[in-house]
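Pulled from TrEMBL, these are the features on record:
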- A:12-36: transmembrane segment (TRANSMEM)
- A:43-60: transmembrane segment (TRANSMEM)
- A:66-84: transmembrane segment (TRANSMEM)
- A:96-115: transmembrane segment (TRANSMEM)
- A:143-160: transmembrane segment (TRANSMEM)
- A:190-212: transmembrane segment (TRANSMEM)
- A:266-285: transmembrane segment (TRANSMEM)
């Protein structure tokens with residue numbers, strides 16, 4: 001049994017990195033716009049299809065597709081916030097909730113209508129190659145996803161703390177009026193943030209596709225874990241999302257090992273409830289002041 | 001430099017300002033005095049572009065400000081230090097100052113940063129501290145420093161002495177004089193009549209949305225009506 005634990009932990013970490021990447025976008029949007037983006041899972045689904053169609057029609061490798069899909073989804077996210085969410089919500093946070101929920105329903109059902117509920121996969125043999133890490137055999141596609149997710153989390157942290165735009169985003173997040181006073185365009189900053197969050201989820205999609213699949217419902221598989229990750233890490237906390245995502249990946253893998261594959265997610269929700277009991281603001285969340 | 005003519009403004013059906021005419025010349029310190037709820041902050045928000053007046057206009061160097069966005073007004077050289085400071089509590093002091101140059105004077109950020117650190121030694125000791133952990137007085141200094149980072153030609157200070165200890169209030173007014181000496185025109189929105197008139201060249205008194213008195217600080221101090229109404233003398 002103990003010989004299975006290390007591979008489970010390592011596999012969990014690779015999955016956890018993808019959870020973290022999805023949650024990173026979600027927590028960024030929550031932290032800055034104070035909205036819960038119910039459309040996040042649908043955007044992940046769109047990302048998976050984008051990568052799938054690029055592969056099946058143009059033969060573009062999903063990893064190469066990153067350079068097309070991620071910028072395109074940044075623009076998509078920017079426009080969604082600017083053209084759909086902001087005007088329809090008219091400044092009320094309850095409305096935003098409904099708008100993002102409606103958006104997800106519309107996107108999911110359009111996907112079902114146009115693309116049917118067939119499961120689509122891409123055939124990229126090298127992604128299933130195994131690599132030996134500390135005596136455990138891991139799928140290459142997962143290992144790539146792990147390092148890419150960590151890299152992006154690091155880059156995002158640098159962007160948020162070291163650049164002028166990053167400072168502006170953090171300023172808008174907590175003191176909107178003060179931001180307007182120094183001349184920051186708040187609506188632009190909101191849309192920018194939504195775009196970055198959407199780009200993160202698109203990247204996660206490109207990293208997932210080689211070892212996963214696309215269906216119109218695929219978003220649900222991830223969005224529940226992503227919400228859990230966001231709350232567990234501390235809502236709006238980027239490092240929190242990373243830590244919680246990795247932790248949940250490991251917990252899920254260990255849960256699967258001890259309780260059987262289909263019950264793996266029980267561990268996630270037990271860990272979640274325990275976190276809320278003992279640290280209601282999340283692992284790295286700041287207590288409301 | 002700043003000319004305000006016939007401004008009417010309010011919130012929905014409620015009229016707050018009823019015909020304001022005001023002028024600030026280059027390099028002047030002008031005090032806008034009045035008690036709570038007479039419309040001082042509303043007028044300030046009209047100048048900064050947060051409220052669009054229902055009538056009248058504001059001009060800055062002859063250019064019409066009315067209808068422009070706050071960020072465009074910042075870019076033209078008007079900086080606001082708002083009531084309640086509105087610093088970014090989750091950012092460090094240094095980051096707060098740097099964002100002051102977001103829309104204007106970005107090329108001279110470094111020099112202005114050093115200059116402001118020299119004016120506010122207490123801030124320069126706390127550059128890496130989060131602004132939310134500063135005392136009220138320090139936050140007020142930071143809000144002013146942030147305003148100065150955009151190299152404003154007109155600085156609007158909304159109740160800078162509010163909530164400060166008497167000693168700090170003294171320091172604040174000395175600071176206003178010092179900033180002004182560098183050529184920045186200042187609109188000082190205050191309830192603290194005595195000290196405001198001590199530093200201002202001219203002053204206006206706002207009551208119920210209308211200017212009821214104006215003149216040089218010396219004239220105002222000698223005015224028996226003002227002495228009675230605001231100084232209890």
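Yeah, the Cβs are placed from backbone N, Cα and C, and that goes for glycine too.
All annotation found in TrEMBL is predicted automatically rather than curated by experts.
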For the transmembrane segment (A:190-212), out of A:12-36, A:43-60, A:66-84, most C-beta pairs under 8 A are with A:66-84
If one takes Cβ-Cβ under 8 Å and requires six or more residues beyond its ends, the residues near the transmembrane segment (A:66-84) are 33, 39, 43, 46-47, 50-51, 54, 60, 99, 103, 187, 190-199, 201-203, 205-207
With the cut-off at Cβ under 8 Å and a gap of six or more residues from its ends, the chain residues touching the transmembrane segment (A:143-160) are 13-14, 17-18, 20-21, 24, 28, 63, 127, 131, 133, 166, 169-170, 196, 200, 203-204, 207-208, 211, 238-239, 242
